[in-house]
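What follows is a set of notes on a single structure, which appears directly below.
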Amino acid sequence: MRDNTRPLSPHLQVYRPQITSILSILHRMTGVTLALAALLLTYWLASAAYGPEAFGRAQVLLESWFGRLVLFGFTFSLFYHMCNGIRHLGWDMLWGFDMPRLRITGAIVVITSLSLTVLSWLMAYGHVGKL
Amino acid sequence: MINTPQQKRVLQSKLGRVRGLGSTREGVHHWWAQRMSAVALLPLSLWFVYSLITLTGSDYGTFHAWASEFGNSVFLVLLVVTMFHHTQLGLQVVIEDYVHSEIWKMGMLLLVKYGSVLFAASAIFAVLKISIAG
């Protein structure tokens, strides 16, 4: 019988937070967040399949301030997970494991994902303005 | 060359010994599938975000016309399939890492695996219905 009282990994709370560990857990957190985004995408597509009324209800929900807040969070989660995912693919090819590169690529990931998030929303609002 | 007594007795080939390693005997399959779906999701996600930007503020008719276009329908289905495949692979690892009770772990894994298939099927059917049935 397995002893469930023994310590099990990962011990997030016993280590001093560092840029490497914070970005690492953020990758997981954004990944789980994106799973929720996938459910919302399914609801959105299904509402369009149901017809104009259902789609209209979904659009009202998504266009509310709360809906926009959630979508903004999903946008950042996607760009962060994507950028840090590219960083992961670099590690998979044994590139970028040394501390200086870990720090610089980490900083690039944070700046790029924030920029792409803001840029996307500016473009979206710009597009609405044109309508 | 390692010459452990155990190795001398094993007649299995090196390839045979490497295949199916790991606690679940699945070898690198999970790892590889996660990477392949990730690479495929790069262009698909960028296409999707760009599409959403251009669709911002559209009514039902505009969205319907966009989703009915052949290329867009194909990319939507590809996005949904790859996205849910990648999602369930990732959530599986998170559950295996953090949920230590066997019953809860098994229950949540089943929920994630079956749930991903259910939602993927629903999303694909929605795209097909918009595209074909109108």
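The backbone N, Cα and C atoms fix where each Cβ goes, glycine too.
According to TrEMBL:
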type	residues	note
TRANSMEM	A:21-45	transmembrane segment
TRANSMEM	A:65-83	transmembrane segment
BINDING	A:HIS81	heme binding site
TRANSMEM	A:104-124	transmembrane segment
TODO: Using a Cβ cut-off of under 8 Å, list the residues of the same chain at least 6 residues beyond the transmembrane segment (A:104-124) that approach it.
DONE: 19-20, 23, 72, 75-76, 79-80, 82-84, 87, 90, 96
- [ ] Might you list, by sequence position, any residue in that chain lying six or more from A:HIS81 (heme binding site) with a Cβ less than 8 Å away from its Cβ?
- [x] A:HIS27, A:THR30, A:GLY31, A:LEU34
